[in-house]
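Straight from Swiss-Prot, the features:
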COMPBIAS  335-348  compositional bias 'Pro residues'
COMPBIAS  358-370  compositional bias 'Pro residues'
COMPBIAS  388-402  compositional bias 'Pro residues'
COMPBIAS  426-442  compositional bias 'Low complexity'
COMPBIAS  443-455  compositional bias 'Pro residues'
DOMAIN    153-236  domain 'KH'
REGION    1-28  region 'Disordered'
REGION    86-110  region 'Disordered'
REGION    189-210  region 'Disordered'
REGION    305-455  region 'Disordered'
ZN_FING   292-309  zinc finger
Amino acid sequence: MSNRGRQPSGPPPSRKRETKWSGKPKRYANFGAQSFDTVITGHLTQEQLDAYQRYFRIEEISNFLSVAKQQHKSIVDVLPSAKVDETDHYKRDPSPPPKYDKNGNRTNTRERRVTEALEKERHELVELAASSIKNYMIPSNYRRPSRTVERLYVPVKDYPDINFVGFLIGPRGNTLKKLQEDSGARLQIRGKGSVKEGKSSDGFGSSQTGTDIQDDLHVLITADSPLKISKAVKLVNEIIDKLIFSPQGMNFMKRDQLKELAVLNGTLRETKPFDPEAHEKKQQQQMDITKIVCKICGNIGHIARDCKQNNGKRPLDDNAENEPTTINKKARTDVPPPPPPPPPPAPPSSSTEISKQVPPPPPPPPPPAPSAAASGFATTENYKQGLVPPPPPPPPPPPPPVRSALVNFENNSKVLLTKEKEESGSSELKNTGESSSSSSGVPPSPPPPSSNVPR
């Protein structure tokens, strides 16, 4: 087989893609007076590899910063990316929009952004190396910052219906305070939407600058160590994820915050757990109105007394089942009922029994004897002639005490017996006197004259 008219294709040119980290591979890397291996040939554990990588990167960043300071160059010119020309294979990332402070100076230049990023990375690595490497010595030009600042942006544009500010602050700021206590960092909400319209931003302190207000909504986290900042970022992200991914009606965080707010306001109403037995017992005690039938109109749900067609007459066939029982609210006494009245006496059969049963009227009391001075030696003749007025009539006797019919009956019977005895005795004496006088024939002697009669 011939290859006429064709030239054999040679191997493609070996041209490696250039990047900002391009360069000749080196066996050793020199950072100042120290030399580090770039190829690991020994047997190391994963922890040892991580510790060596942290130590190597810390020394590399420290070398870049010290060289830029000694040569009075920009940190951008010291980095390896400065030696690579902009080609189609490598293009620099676009710069963010410029930001200015209150004096008009730009705060987010390229040099400043790169320096802050390198210092932040070195600070985090130093913290990790100090906790994992025994007898670790920090670089000589390293100065631990007094505080570390982190901005965590909130996805308000993606989820405009969620009130991130309200949930992060919580009822009376308790949620934000709890996040600060758990993480040990200081959290502040900054950016657009952090301040209500019409209110001043002076209440947020001096850190709320014009740049922070114009920035997107974010949580400003400040702490003295990266560990606290990472913990605060984790806690804030957990709250944001709960708000985003919680289904409708299952937002337990909102329920807990509303309950906490009710406790603070004093309007909480505790709900008891559902007890099916108590609910069933309560339903049994209640009257089922579907079983109540009116006897007038025949409808269900009311009794005949409450019927609109009732003209004030109660139907005769109204059962006690349809009428609710009324409770007698009168006070009950423990006094026994009075004894029954005695039976009426039998009618008398003779006149003697009638005379025995009916007591005679009591005799009138004798008139009081008038004194000599008041009467003036009055005699019967004066009374007869009307010279001296008669004495006043006696007062009426007091009414007899109220007694029972049985006691009155017994007393009346006793009085009748005693009077019958007295009458029988007086009649016997009278009969004996009359018999004696008639036998002798002597008339009875007249009564002696009164001493008061004048001579």
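Using the three backbone atoms N, Cα and C, a Cβ is placed for every residue, glycine included.
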Task: the domain 'KH' (153-236), counted residue by residue under DSSP: helix, strand, coil - done: 39 helix, 12 strand, 33 coil
TODO: Would you mind splitting the region 'Disordered' (86-110) into helix, strand and coil residue counts from DSSP?
DONE: 1 helix, 2 strand, 22 coil
TODO: Count up the helix, strand and coil residues in the zinc finger (292-309) according to DSSP, in that order.
DONE: 3 helix, 2 strand, 13 coil
